[in-house]
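Enquirer: Structure in C-alpha cells, see below.
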Amino acid sequence: MKRIFFLDASGPPFGHMLLALGGYLGGFDGNFVWNRIGAEYSSNVPVWSLRLLPALAGAFTVPMAYQIVWELGFTHCAAMGAALLVLIENALITQSRLMLLESALIFFNLLAVLSYLKFSNFQKHRPFSLSWWFWLMLTGVACACAVGIKYMGFFTYLLVLTVASVHAWNLIGDQTLSHVRVFCHLLARAVALLVIPVVMYLLFFYIHLMLLCRSGPHDQIMSSAFQASLEGGLARITQGQPLEVAYGSQITLRNVFGKVMPCWLHSHQSTYPMIYENGRGSSHQQQVTCYPFKDVNNWWIVKDPGRHQLVVSNPPRPVRHGDIVQLVHGMTTRFLNTHDVAAPLSPHSQEVSCYVDYNISMPAQNLWRLDIVNRESDGEIWKTILSEVRLVHVNTSAILKLSGAHLPDWGFRQLEVVGEKPLRGYHESMVWNVEEHRYGQSQEQKERELELHTPTQIDISRNLSFMARFSELQWRMLTVKAEDSEHKYSSTPLDWVTLDTNIAYWLHPKTSAQIHLLGNLVIWASASLATLVYTLLFFWYLLRRRRNIHDLPDDAWLRWVSAGTLCAGGWAVNYLPFFLMEKTLFLYHYLPALTFQILLLPVVLQHISEHLCRSQLQRSLFSALVVAWYSSACHMFNMLRPLTYGDRSLSPSELMALRWKDSWDILIRKY
C-alpha cells in the first residue's frame, strides 16, 4: 500500500496483491504496523475489505466442489455430499475468514481442475467451440493464479499438465483425426496451458515491481543495480555518478554474494596480529576486510600502474576488461596486496592486505587484472553498478574473494577477505561490483579525503530492464532462506493426517472467546480412510483386470481412474512434497491437500454403494450408515463452532469438553 519494496520468500506476489486490492477498495492507507499477532486494529484499517477476497474465495469452493464431482460423472447426491463436507470443514472456514492466502490458493486449485474437466467434456462433443476455448483458457489462467499465490500451486499445475499430456497423447493416436486437426489440438493446448500461464506469471511480477518503486528495508539483499532502480535509498546516493570507471576513479566495491547482508571491501589502520591464536604467523600487514556498513574506509582509488597520479585525466581513460590496475585505499593510501601467506581463518587461501613497507624481504605484490564476468551483456568497459568483475592477482593468479568467516576481536568481527586459487572453482563470492563512484580530482591526500564526500554531477541513467529485475527477484525468492526457528504451533506432515496439532489464532483479552485452526475430526479421519480404501481398491481392480477379470464396466472404470487421478493425485502432490521441505511447517499447509481428499470421500462412498453392496438390503443399511456419518460430521462442526468463529465466551466446562484429546491422553497414561 505504501509502494515500498519488500522481499517475501513465502511465494510470488499475486496473493499479496489480492489482499492489497481489498485494502485499496476499502480506502486503506497502509498506516498500520503489522508486528504483533493479536494487536487491535486502528480505525483506519478496513478489516472487512481486507478479509473480503479470502472469504469470497472460501465461499466459492463449496459450489466448485459440487461441480467437480458432478463433472467427474458421479451423481448429484455424491456432488452434494462433497459440497456439504467442504461447507462444514471447520479448518477451511477459519482460514477463509482471516487475511490469509490458503483459501485463495484452494479456490484457484479447484478452478483449474474444474475448468479442465469441463474442457474435457466439451472435447468429447464440441471441440473448438466457444465454450471449449473458454474452459481451456480458464484452465491456464487458474493454474497461473495458483502458482502466483504460492509456489505450492505449481504441484496442482503439474497435475493438470500431466492429465492434459495423457489426453494429448491419446489424441495423437486417434486415426479418425487428420494431421492438421491433431496439430491444432496440440497448439491450442500449448498456448493455453504453457504460454498463458508463463505470460500471466510475468504479468504478476511486472505489476508488483511497477507498484513497489520505493526503497525499503529489504533492499540490502538485492544487487546494487536493483537498488539503484528504486526511488530513494541507493538511488538517491548514486544519482549523478559517472557510468564508466576510469583510472583515478574513487570507488566502493560491493561483494555480489551478500545474501544475508551486503558488505563492501574495506581497510583500516589496524594490522594483522604477528601471531594468531593457533600459533601461525602473519605478514603483520594492514587488514583488508569486508564491512557490512557504509563507511569512508570503504573507498578505493583505481590507479594505473604506469603512472603516479591518483586523479582522473581529461578526457577520462576508462578501465577495460583485461587491464592491469592497482587499488589504493583512499584513507591510508596503501595498495591492495596479496602474497603467499595463509589467510587468518582460511589457511588454504592467501592473506589479502594493504601493503606496509617494513624494509624486509617481502616485496609488494599489488597488481590485479580486471576480469568483467558479464562483459557479453554489458560490454568491455568497467561500468558503475552494471559490471560484475573479478580481480585476479597477477603474481599468484589468486582471485579476490569473500570467505564469509567473521574475524576475531582484533579484526572487529568484520568478514574475512582472501585470495582464492582458481583451481577451487568459480563462486559468486569472487564477484564484485562498483556501487558508489566519483571521478577523483585532488592529488593531495587531505583534499582527496574531503573530495570523497562530494558527489559528481554527471547524470547517467541505470534503469534495469524488467526481465533483469524479475530474474534477480525470482532467484532471491527461491534461494533466500528464512531463519529456521521452532514455533510452539509448528508441526510435521504426519501430525496433519492425525490432526495431532492446531494453531491458536486469537484470544479475547477479557473473555475466554478464542479462534483456533482446528479441523473437523470426523471429516479428517474419514477422508484419510477413504484415500486408503481407494488405493487398495484401485490396485485390486488393476490386478484383476490384468487377469482379464473386469469387476467394473469400462465407463465405471474410467470414472474411477479419473476421480483417483484428480482427487487422490491432488492430495498426493499437495501433501507429499512437504516431507522433503526443510522449513517450519504449520497445519494450514495441509489444507489444499485436504480439500482434494474431501472430494474423494463421496466418490468412494458412492462406489461402495453401487458396486460393493450386492443386495438392496445392503445398500439400504449402507445408506443409513452414511446418513449417520454425515450427521456426526455436522455435530462435530457444531461442537467446534465456538473455536471456529470466536463469537462467544466459553465456560470452563465447555473448554474442557473441547479439550477431549488432552483428557483422553491423560486417561491413557494413567491406566
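Including glycine, each Cβ sits where the backbone N, Cα and C put it.
What TrEMBL lists as transmembrane segment is 45-66, 73-93, 99-117, 129-149, 184-207, 521-544, 556-580, 586-608, 620-640. Residues annotated as domain 'MIR' in TrEMBL: 242-305, 316-373, 379-437.
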Enquirer: Which sequence-distant residues neighbour the transmembrane segment (184-207)? Criterion: at least 6 residues beyond either end, Cβ under 8 Å.
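Expert: For the transmembrane segment (184-207), the list is 12-14, 17, 127-128, 133, 136-137, 139-141, 143-145, 147-148, 157, 160-161, 164, 168, 171-172, 177, 466, 470, 473-474.
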Enquirer: Below 8 angstroms Cβ to Cβ, which residues of this chain, lying six or more residues outside the transmembrane segment (73-93), approach it?
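Expert: Cβ under 8 Å, 6 or more out: 58, 61-63, 65-67, 103, 106, 517-520, 523, 555, 559, 562-563, 587-588, 591, 594-595, 598-599, 601-603, 605-606, 630, 633-634, 637, 640-641, 643-645.
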Enquirer: So, do the transmembrane segment (556-580) and the transmembrane segment (99-117) meet, by the test of 3 or more Cβ pairs under 8 Å (sequence gap 6 or more)?
Expert: yes
Enquirer: Which sequence positions outside the transmembrane segment (620-640), separated from its termini by at least 6 residues, show Cβ-Cβ distances below 8 Å to it?
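Expert: Distal contacts: 81, 84-85, 88-90, 518, 520-523, 526, 605, 608-609, 613, 657-658.
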Enquirer: Which sequence positions outside the transmembrane segment (586-608), separated from its termini by at least 6 residues, show Cβ-Cβ distances below 8 Å to it?
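Expert: That would be 61, 65, 68-69, 72, 74-75, 77-79, 81-82, 85-86, 89, 91-92, 95, 100, 102, 105-106, 109-110, 152, 156, 487, 489-491, 493, 495-497, 501-503, 517, 519, 523-524, 526-528, 530-531, 533-534, 537, 560, 563-564, 566-572, 574-575, 578, 622, 626.
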Enquirer: By DSSP, how many residues in the domain 'MIR' (379-437) are helix, how many strand, and how many coil?
Expert: 9 helix, 27 strand, 23 coil
Enquirer: For the domain 'MIR' (316-373), provide the mean pLDDT of the predicted model.
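Expert: Averaged over the domain 'MIR' (316-373), the predicted model reaches a pLDDT of 90.
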Enquirer: For the domain 'MIR' (242-305), DSSP counts of helix, strand and coil?
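Expert: Secondary-structure breakdown of the domain 'MIR' (242-305): 3 helix, 30 strand, 31 coil.
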